[in-house]
Amino acid sequence: MTACSTAIRAQQLLLPVLSALGLLAAGAPQPPNIVLLLMDDMGWGDLGVYGEPSRETPNLDRMAAEGMLFPSFYSANPLCSPSRAALLTGRLPIRNGFYTTNAHARNAYTPQEIMGGIPNSEHLLPELLKKAGYTNKIVGKWHLGHRPQFHPLKHGFDEWFGSPNCHFGPYDNKVKPNIPVYRDWEMVGRFYEEFPINLKTGEANLTQLYLQEALDFIRTQHARQSPFFLYWAIDATHAPVYASKQFLGTSLRGRYGDAVREIDDSVGKILSLLQNLGISKNTFVFFTSDNGAALISAPKEGGSNGPFLCGKQTTFEGGMREPAIAWWPGHIAAGQVSHQLGSIMDLFTTSLSLAGLKPPSDRVIDGLDLLPTMLQGHIIDRPIFYYRGNTLMAVTLGQYKAHLWTWTNSWEEFRQGIDFCPGQNVSGVTTHTQEEHTELPLIFHLGRDPGERFPLRFTSNEYQDALSRTTQVIQQHQKSLVPGQPQLNVCNQAVMNWAPPGCEKLGKCLTPPESVPEKCFWAH
């Protein structure tokens, strides 16, 4: 099925869905609220509903029991920033510019010194939702650029409590400043200063602060009778892993498990508030993660990717297959499991559909509208593309995944103890040199072999059939692809968070060094 026919088919499926919701009729009711819960480095196997044996996620498991579980839901990239850019634009990072051309097949993101960020030419989800009267808030990690022009309130959000990057540090504020925490336009402190994180004990109150921001926003918008979009993008399971005092030491899985338990408790409180306010039937909630669990973290500080190979930074299943739950009481029937191949980019198009809006017609949108899947059980045929930088590494079509390139990380890093596939290395598959397979891709049947350990024999009829179908999809994709201007090539220490807006009031302004733009170095 071509991309064009897939889009037409999706629209045909969507029309009766929108009619049923009353969104196409004159005088349609207020569109539903939208809550996207995006975790940071949480793995597919971290939830009880996906088989995690300690069963420490009762609220998320209940959310799945009351909604729809997606076992085959994917990130658009195995790293934070490109994945988030894809969610908010509905477009692959190769299209929206969140990639690097500094080296072949390199993952890149937005550290403090990055010059680039989300381009003004991209239409972000909150910008479009404003057209339908939504009030939009981001809580947590932005990660789409540090410079003033990339501020989330310049890209459709009305409120922000969080940071432009993760809680890395502590830094010395001389060579590198601590990351600021913002309330709307101005910083209100920095990580490890006004917002402490105890690296020895793992204690930090950040998740509780993020939770309270979400609850207060929901209550306020409910009182205003205004449709709202809440993008709750907390960073609790990203290393260094932290949890609040009341959750530390409560999990069988160590500090990482403590963080997961606190997240689960927070999600439960958000869902309970929606129910107690009587707005759960008019609020669509989706839970997922930005990429797979980071398996290189310290002992008991990394998550689980279940049966899948490797983790964050790789384009094996463990790096890009995510936990995903849709919840919308009264609309999504309880207890469903969908085998639709889903993507984080689908949240863009689905959210627009919920608001009664169409995606921009002047560009390619990679995200599909999943309402026909969630409300009527339809399965839409589509490929999943796995990129690393500007390199197409693999594609999944149906149950078959074809690897065009394989690489985990360099031998140099591996010998230093950096292993993205600890205890899982597969000969000829998890390679420490970049191996090209474009002529004869490694093809796996993910239904029989989710761990990507046994590639199909090149001479088998099954391989030849899968090769023919995936080759057609790859050629069509590459022929029509117009890459965006790469945003992650140039770094400059002078653009770090030395003197963010609001630093004067706090006495937190630091002196930036001389401006020296240079090529960013991306190791893997």
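In case you wondered, yes, glycine gets a Cβ from its N, Cα and C as well.
Predicted, not measured: the structure shown is a model, and the values here were computed from it.
As given in Swiss-Prot:
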{"type": "DISULFID", "residues": "C310-C421", "note": "disulfide bond"}
{"type": "DISULFID", "residues": "C491-C520", "note": "disulfide bond"}
{"type": "DISULFID", "residues": "C503-C509", "note": "disulfide bond"}
{"type": "CARBOHYD", "residues": "N205", "note": "N-linked glycosylation site"}
{"type": "CARBOHYD", "residues": "N425", "note": "N-linked glycosylation site"}
{"type": "MOD_RES", "residues": "C80", "note": "3-oxoalanine (Cys)"}
{"type": "REGION", "residues": "28-381", "note": "region 'Catalytic domain'"}
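Location within the structure of each feature annotated in Swiss-Prot.
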| residue | record | Cβ contacts under 8 Å, 6 or more apart |
| --- | --- | --- |
| C80 | 3-oxoalanine (Cys) | D40, D41, Y109, K141, H143, C166, H238, D290, N291 |
| N205 | N-linked glycosylation site | S244, K245 |
| C310 | disulfide bond | G292, L295, F316, E317, G318, G319, T408, F420, C421, Q424, T430 |
| N425 | N-linked glycosylation site | T408, D419 |
| C491 | disulfide bond | P111, E113, I114, M115, P517, E518, K519, C520 |
| C503 | disulfide bond | P180, M187, C509, L510 |
Which one, from the disulfide-bonded residues C421, C509, C520, has the smallest tally of other C-beta atoms lying within 10 Å of its C-beta?
C509
Confidence summary (mean pLDDT) of the region 'Catalytic domain' (28-381):
97
Can you tell me the three-state DSSP label for C491 (disulfide bond)?
strand
May I ask you to report the DSSP-based helix, strand or coil state of N425 (N-linked glycosylation site)?
coil
